[in-house]
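Here's what TrEMBL has on this protein:
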- 16-35: transmembrane segment (TRANSMEM)
- 41-60: transmembrane segment (TRANSMEM)
- 72-90: transmembrane segment (TRANSMEM)
- 96-112: transmembrane segment (TRANSMEM)
- 119-142: transmembrane segment (TRANSMEM)
- 148-168: transmembrane segment (TRANSMEM)
- 180-199: transmembrane segment (TRANSMEM)
- 205-225: transmembrane segment (TRANSMEM)
């Protein structure tokens, strides 16, 4: 049986779901459930859906663009309306445009150039994802102490998520390429060093550092193990294992706030 063609309504990039869901959940947990979270979550998810549909629309020839227009327009309109509701309820959230705007522009430009899997595209979308965490604080009127915690959590999540861009490439698209493996390992060591500084500065507990060190080890160990297996690890297996690391990172930052 042939697979149904994606018409833009349901994103099929399974790895991106974690990037979309984790920040909004962390933001809600840290700032505590608030009415403004409803339109904010709607704006966030519809914005992602619109971006996914737009990417498909930009990718196909003119004769096929009509296929993706309904999803683009529907999700785009829903994002605009729900964003307007958030702004009406919490005007301070407009400050988040300072980081969202340039990141979204980079992501859209990369999609326009038909390079949705480039490092620039990956970094811009993952940083925008982490940026939702402090945006939750702006939307709920969080005090300075809570905003500080939100920024620390956002930084740890961003460091981890950006690292997955390099790591996944070493496991799948650029498997066996020493230059990518070196870049991935160096990045993860630097990320662990940044979290070590956060810990030493008293901005978080030791647990995010411990997990980031473990994540750095996996950046080297998993490609090493996969290369010596009879068959390299499949993308599905890599994704399943990465799900465990996501849980570990989320648990570490939440425990760090206790």
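Cβ atoms here come from the backbone N, Cα and C positions, even for glycine.
Just so you know, TrEMBL annotations never went through curation; they're auto-generated.
From a predicted model like this one, the values you see are computed outputs, not experimental measurements.
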Segment-segment contact (the transmembrane segment (72-90); the transmembrane segment (96-112)) at 3 or more Cβ pairs under 8 Å: no
Any contact, the transmembrane segment (119-142) to the transmembrane segment (180-199), with at least 3 Cβ pairs under 8 A: no
Long-range Cβ neighbours of the transmembrane segment (16-35) (under 8 Å; 6 or more residues past either end): 41, 44-45, 48, 52, 89, 125-126, 129-133, 135-137, 139-140, 142, 146, 149-150, 153-154, 157, 161, 243, 246, 250, 253-254, 257
Same-chain residues near the transmembrane segment (180-199), Cβ under 8 Å, at least 6 residues beyond its ends: 152, 155-156, 159-160, 162-163, 166-167, 169-170, 174, 205-206, 208-209, 212-213, 215-216, 219-220, 223
